């Protein structure tokens, strides 16, 4: 089975991604990373930074998670991200997404020893 840490990497890490050169980035990546199976995942964020940089967030600023849990951490620096959001006209199985690129601080939930990201909580 896929671990929470591996699922996080599949759903959120694209260190070498260059969405700026590809208008179909979200449509292609959401399929490639298996987020359009059974339904179209409504929203997903990809992070274009080295995995080590994202894993390091687990030792940065401790903040409350959206669900009230206390194991979330906010990155000190802003990171290159791409938000993929399903379009209103999108109909499964033909999932269609619009993309927004940004530089934002990320908030992730971390678990384990060593502590690694297992859930993408928010961007600020």
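Cβ atoms here come from the backbone N, Cα and C positions, even for glycine.
Annotated features, as they stand in Swiss-Prot:
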| type | residues | note |
| --- | --- | --- |
| ACT_SITE | 12 | active site, proton acceptor |
| ACT_SITE | 119 | active site, proton donor |
| BINDING | 7, 10, 41, 42, 43, 44, 45, 66, 85 | substrate binding site |
| DISULFID | 26-84 | disulfide bond |
| DISULFID | 40-95 | disulfide bond |
| DISULFID | 58-110 | disulfide bond |
| DISULFID | 65-72 | disulfide bond |
| REGION | 1-21 | region 'Disordered' |
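Cα separation, residue 84 (disulfide bond) to residue 43 (substrate binding site), rounded: 6 Å. Note on proximity: among 7, 26, 85, 110, the recorded positions of the record, the Cα nearest residue 72 (disulfide bond) is that of 110. Cβ neighbour count for residue 65 (disulfide bond): 16 (other Cβ atoms within 10 Å of its Cβ, all protein chains included). Cα proximity to residue 45 (substrate binding site) (within 10 Å) is found for none of the recorded positions 58, 65, 95, 119. The maximum pairwise C-alpha distance among 7, 10, 41, 42, 43, 44, 45, 66, 85, the residues recorded as binding substrate, is 22 Å. Of all the recorded positions listed here (26, 43, 72, 110), the one with the fewest other CB atoms within 10 A of its own CB is 43. Taking Cβ-Cβ distances under 8 Å and a sequence separation of 6 or more, the neighbours of residue 40 (disulfide bond) in its chain are 30, 86, 90, 92, 95. Put simply, residue 65 (disulfide bond) is 21 Å from residue 85 (substrate binding site) when counted between their Cα atoms. For residue 110 (disulfide bond), the nearest of the recorded positions by C-alpha distance turns out to be 119; the candidates were 7, 12, 41, 43, 119. Rounded to the nearest whole angstrom, the C-alpha distance between residue 58 (disulfide bond) and residue 41 (substrate binding site) is 25.
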